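Some notes on the structure that comes next.
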């Protein structure tokens with residue numbers, strides 16, 4: 001993995017000083033609109049277009065499904081509020097990884113990073129890229145499925161193109177996100193408008209209370225819990241803006257503003273898109289469709305039905321871009337804290353983009369495209385991903401107790417994290433009850449990171465030959481990618497004195513572990 005802080009400054013001291021002298025640092029290029037684009041673009045992927053039937057299937061009725069979408073949106077907003085406080089209290093890129101590490105110690109943070117690096121991001125990005133390729137190629141193969149090799153090739157091209165854009169310029173990457181987020185919102189707006197037209201025509205049979213709650217199977221608490229879990233996964237991505245806090249313009253204002261704008265907008269879109277679907281399809285038709293928006297378009301758009309597949313393709317293209325952008329910052333943050341190879345903590349001397357982290361993100365995703373079990377892996381680690389959401393929010397309460405005087409530009413009532421944790425516990429208990437084997441395998445994958453942590457991070461006094469080998473390859477990577485460490489002076493200005501005080505209070509949790517950042521000389 002990496003060496004400890006005592007070894008870290010030896011081989012690369014000169015490049016670090018050069019970086020500090022030249023003021024190389026991550027640029028604050030993400031304004032309020034781009035921040036909203038990151039949240040909305042990462043939450044709204046292909047799911048709302050392709051398969052909202054998971055919620056309906058477990059909710060057992062149209063009315064209960066709509067309740068699930070609304071309540072899940074409210075709970076997501078509560079979780080986002082908690083993350084907003086953490087984001088401005090610990091204003092560093094890395095999101096929940098940085099918060100868990102600072103509050104609960106290095107091992108807990110590393111396990112969060114391990115599961116994300118190993119499975120969550122590579123598999124999610126691969127699936128979204130394959131969905132993009134499928135909807136682009138489908139019109140060329142109207143009577144059969146597109147060839148698997150073609151799908152994988154186009155998905156790889158999509159990943160390579162967007163990785164290049166993200167390496168070239170932060171501004172370009174955010175502009176791509178803005179454009180494609182606007183496109184998917186326009187497509188969903190078209191669906192909602194068509195739904196309203198249907199209602200005006202009197203097509204609202206399944207929205208009348210007498211019919212909306214008419215169940216097609218018996219209501220079951222376990223199934224409803226699974227419906228909420230499906231809904232929570234559909235809202236996944238709401239915390240991604242916290243991964244790029246250091247690149248936000250005025251994060252103390254724009255982080256909460258972006259959350260207040262984006263989460264209600266997504267909730268509105270999700271609820272009214274599902275309302276629109278049931279104005280044109282019965283629950284049985286919706287459950288039988290593998291691409292709800294496409295079926296909806298075929299019923300109402302006629303010769304213009306091609307708009308829906310194109311909308312899904314555009315949506316997933318923007319989703320891949322947003323995921324690459326944010327996940328690379330997680331890798332960058334992990335490397336800076338000494339939990340990943342230190343080369344990943346470096347940025348380009350001119351473009352100020354984390355090129356090594358982006359390249360590793362791309363390579364790991366391309367490798368996932370070559371596997372046949374990535375959907376199974378997503379099922380295994382989905383439980384763990386949601387588990388860490390609750391751990392992070394619990395950390396907010398722990399931080400209030402351990403560091404009550406720590407400066408908090410945003411301070412929410414403790415009723416919000418408690419509410420979120422109650423909902424979170426409800427979902428996790430029923431997940432364990434319904435799928436104990438899947439959850440157990442997910443926990444085993446996460447715990448496989450413990451020996452990696454002990455050998456790669458906790459063991460500081462590694463043999464000098466190993467350190468020399470790592471230094472050699474790090475230097476080679478620097479030359480190839482033209483990268484250096486971000487300027488420490490810039491970091492200090494961004495973090496502020498309040499954060500430094502918080503770090504001092506929190507350092508007791510990780511005594512004896514690597515706490516120096518990768519920018520230290």
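For all residues, glycine too, the Cβ spot is worked out from N, Cα and C.
Within its own chain, the transmembrane segment (30-50) is flanked in space by residues 128, 131, 135, 170, 174-175, 177-178, 180-182, 184-185, 187-188, 233-238, 240-241, 244, 247-249, 254-255, 257-259, 261-263, 265-266, 269-270, 273, 290-294, 308, 311-312, 315-316, 318-319, 321-323, 325-326, which lie at least six positions past its ends and keep a Cβ under 8 Å from the stretch. Feature annotation from TrEMBL assigns transmembrane segment to 30-50 (among others).
Taken from TrEMBL, the feature transmembrane segment covers 62-88 (among others).
Positions annotated as transmembrane segment by TrEMBL: 109-133 (among others). Tertiary proximity for the transmembrane segment (109-133) is limited to same-chain residues at least six positions away from its ends with a CB under 8 Å from its CB atoms, namely 45-46, 50, 96-98, 100-102, 146, 150-156, 158-159, 312-313, 316-317, 319-320, 323-324, 327, 330-331, 334, 337, 339-340, 361, 364-365, 367-369, 374-375, 377-378, 380-381, 384-385, 388, 391, 445-450, 452-453, 457.
Per TrEMBL, the feature transmembrane segment maps to 153-173 (among others). Under 8 Å from some Cβ of the transmembrane segment (153-173) lie the Cβ atoms of residues 26-27, 29-30, 125-126, 129-130, 132-133, 136-137, 247, 317, 320-321, 324-325, 328, 348, 351-353, 355, 358-359, 361-362, 365-366, 369, all in the same chain and six or more residues away from its ends.
What TrEMBL lists as transmembrane segment is 185-207 (among others). Here the transmembrane segment (185-207) has long-range neighbours at 40, 44, 48-49, 62, 269, 272-273, 275-280, 282-283, 293, 296, 300-301, 307-308, 311, 314-315, meaning same-chain residues at least 6 beyond its ends whose C-beta is under 8 angstroms from one of its own.
Among residues of the same chain six or more beyond the transmembrane segment (219-238), those with a C-beta under 8 A of the stretch's C-beta atoms are 39, 42-43, 45, 47-48, 52, 54-61, 64-65, 68-69, 71-73, 75-76, 79-80, 83, 259, 262-263, 266, 270, 322, 382, 385-386, 423, 426-427, 430-431, 433-434. As annotated by TrEMBL, transmembrane segment applies to 219-238 (among others).
As annotated by TrEMBL, transmembrane segment applies to 259-280 (among others).
What TrEMBL records for 300-320 (among others) is transmembrane segment. Residues 41-42, 44-46, 49-50, 125, 128-129, 131-132, 135-136, 138-139, 158-159, 162, 176-177, 179-181, 183-184, 187-188, 190, 194, 198, 280, 291, 293-294 of the same chain, all 6+ positions outside the transmembrane segment (300-320), place their C-beta atoms under 8 angstroms from a C-beta of that stretch.
Per TrEMBL, transmembrane segment is recorded for 383-401 (among others). Beyond the transmembrane segment (383-401), the same-chain residues lying 6 or more positions past its ends with a Cβ under 8 Å from any Cβ of the stretch are 79, 82-83, 85-86, 89, 96, 99-100, 103-104, 108, 112, 115-116, 120, 229, 232-233, 236, 239, 414, 417-418, 420-421, 424-425, 427-428, 431, 435, 438-439, 442-443, 445-446, 506.
With a cut-off of 8 Å between Cβ atoms, the residues of this chain six or more beyond the transmembrane segment (413-434) that come close are 75, 78-79, 81-82, 221-222, 225-226, 228-229, 232, 383, 386-387, 389-390, 393-394, 396-397, 400. Summarising the annotation, TrEMBL assigns transmembrane segment to 413-434 (among others).
The transmembrane segment feature in TrEMBL is assigned to 440-459 (among others).
For 492-521, the entry in TrEMBL reads region 'Disordered'.
Annotation source TrEMBL lists compositional bias 'Basic and acidic residues' at 510-521.
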